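Asks: Per TrEMBL, the features are:
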ACT_SITE  K11  active site
ACT_SITE  D141  active site
BINDING   P99, V100, A101, A102, G103, L104, A105, G106, G107, S108, A109  ATP binding site
DOMAIN    67-149  domain 'GHMP kinase N-terminal'
DOMAIN    217-294  domain 'GHMP kinase C-terminal'
Amino acid sequence: MRAYSLIAPAKINLHLEILGDRPDGYHELAMVMQSISLSDRVEVRANATERLQVHCNHTQVPQDSTNLAYRAAELMTIEFPEAFQRYGGVKISLDKQIPVAAGLAGGSANAAAVLVGIDLLWKLGLTQSELQELGAKIGSDVPFCLSGGTAIATGRGDKISPLPDLEDIHVVLAKYRNLAVSTAWAYQTYRQQFGHNYPSDTNTLEDRAKRVHSGPLIQAIAQHDAAKIGQLMHNDLEKVVLPAHNLVSELKTALLACNPLGTMMSGSGPTVFALAKSKTHAEAIQAQIKQMLPDPQLDTWTAQFCPQGIQVS
Ligand SMILES: C[C@](O)(CO)[C@H](O)COP(=O)(O)OP(=O)(O)OC[C@H]1O[C@@H](n2ccc(N)nc2=O)[C@H](O)[C@@H]1O
Ligand SMILES: Nc1ncnc2c1ncn2[C@@H]1O[C@H](COP(=O)(O)OP(=O)(O)OP(=O)(O)O)[C@@H](O)[C@H]1O
């Protein structure tokens, strides 16, 4: 085959806990991640020339070598120079449905899809863990985006352990179109404000693991208890993003008033999501939030938890 079309789902964070600094300058995390049905379509096609090219239908997404999808292709050319020489360049086309700079890992999902697409195009036969090792070189969220579903993510977010699938849970997402939050800013500000709380004895992984508070949520996931999952969600980055962005804070309060199973900011924001027990429940929350906040800048979506990451379609 000379072309592959892939589905790249967005993620939300059901739990995001910052455990401390890492020697590499990143933060040690304990997260629970979830793929959702809101997804981009990524086409990876053999190019007639040696060139890597990326095209995207969204004006805010770069079409040059800074695009995460381009960076994934570039990494493959460096890691597999013989295959690159044999098969030539690739043309990547991104059909964006996932909002950009939203805390939903849209760029990371695109990069993950390109790794899978090139693996197929160049007949490399890489395993999931080999792909995840490559993905971690591009960004912390890429390894999760590859395998998807419901999973624990530790380390800097790149060490993935699968959890049982959660089906039939629905989600409403809401985001102000003109608002973006830098992930680096969010972590840096958290470190400045709360870094003194990192205990000095958390140098070993074992010590850090003892401090993790996701146990009850993981139990609720094992029991497939959507109501409990909604109540137990947590995101440390809310502590810095909500006070700095009134709109995000007000959005969360408004979503909570719509009687969801629970509501939380995703990743470093600014998207806020609400969990719902059915499609009808999600649509009712969506209608209510639009009525409560009739701002033309507020975008909303409904989606469903999905049990997989990158899929060939
Ligand atoms: C907020 C989340 O989306 C939650 O899933 C991720 O933690 C961020 O994932 P990402 O955007 O793929 O992150 P990267 O591209 O690896 O890093 C972006 C920036 O976030 C900060 N960063 C990220 C991950 C981490 N464990 N510690 C950090 O301090 C670093 O300043 C880094 O420069
Ligand atoms: N393929 C891509 N899709 C979207 N944005 C991209 C892509 N490549 C590079 N970018 C740039 O990366 C920035 C962050 O985009 P992205 O949508 O991945 O953020 P995010 O959802 O907040 O990610 P995360 O949740 O992993 O922190 C954007 O401002 C955009 O300019």
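Cβ atoms here come from the backbone N, Cα and C positions, even for glycine.
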Asks: I want the residues beyond P99, V100, A101, A102, G103, L104, A105, G106, G107, S108, A109 whose C-beta is within 8 angstroms of the mean position of the ATP site's C-beta atoms, in chain order.
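Replies: Checked against the 8 Å cutoff, the neighbours are A10, I98.
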Asks: Out of P99, A101, G103, G107, the binding-site residues in the record, which is closest to K11 (active site) when you go by Cα distance?
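Replies: If we rank P99, A101, G103, G107 by Cα distance to K11 (active site), first place goes to G103.
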Asks: Can you name the residues of this chain that are 6 or more positions from G103 (ATP binding site) yet have a C-beta less than 8 Å from its C-beta?
Replies: N13, V181, T183, M265, S266, G267, S268, G269, P270, T271
Asks: Can you tell me which of K11, P99, A105, A109, our recorded positions, come within under 6 Å of ligand 2 at the Cβ?
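Replies: Those recorded positions that pass the cut-off, since their Cβ is under 6 Å from ligand 2, are A105.
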Asks: Write down the Cα-Cα distance for A105 (ATP binding site) and D141 (active site), rounded and given in Å.
Replies: 7
Asks: Given P99, A101, A109, D141 as the recorded positions, which ones have a Cβ positioned under 6 Å from some atom of ligand 1?
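Replies: Among P99, A101, A109, D141, near ligand 1: D141.
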Asks: Identify, in sequence order, the residues in the chain of G107 (ATP binding site) that are 6 or more apart from it along the sequence and have a CB within less than 8 Å of its CB; answer 'none' if there are none.
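Replies: In sequence order, the residues whose Cβ lies under 8 Å from that of G107 (ATP binding site) (at least 6 apart) are V61, N67, L68, A69, V100, G139.
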Asks: For the binding-site residues listed here, A101, A105, which shows the highest count of neighbouring CB atoms within 10 A?
Replies: A105
Asks: Check each residue in the chain of A109 (ATP binding site) that is at least six apart in sequence and keep those whose C-beta is under 8 Å from its C-beta; list them in sequence order.
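Replies: Result: A8, P9, A10, K11, S39, D40, I98, C145, I310.
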Asks: Give me the mean pLDDT over the domain 'GHMP kinase N-terminal' (67-149), rounded to a whole number.
Replies: 98
Asks: Which residues in the same chain, at least 6 apart in sequence, have a Cβ under 8 Å from the Cβ of P99 (ATP binding site)?
Replies: G106, L173, K175, T271, D299
Asks: What is the Cβ neighbour count of D141 (active site) at a 10 Å cut-off, with all protein chains included?
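Replies: Cβ-Cβ neighbours of D141 (active site) within 10 Å number 29.
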Asks: For K11 (active site), name the DSSP secondary structure in the helix/strand/coil scheme.
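Replies: DSSP call for K11 (active site): strand.
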Asks: Could you give me the DSSP helix, strand and coil counts for the domain 'GHMP kinase C-terminal' (217-294)?
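Replies: Split into helix, strand and coil, the domain 'GHMP kinase C-terminal' (217-294) gives 45 helix, 11 strand, 22 coil.
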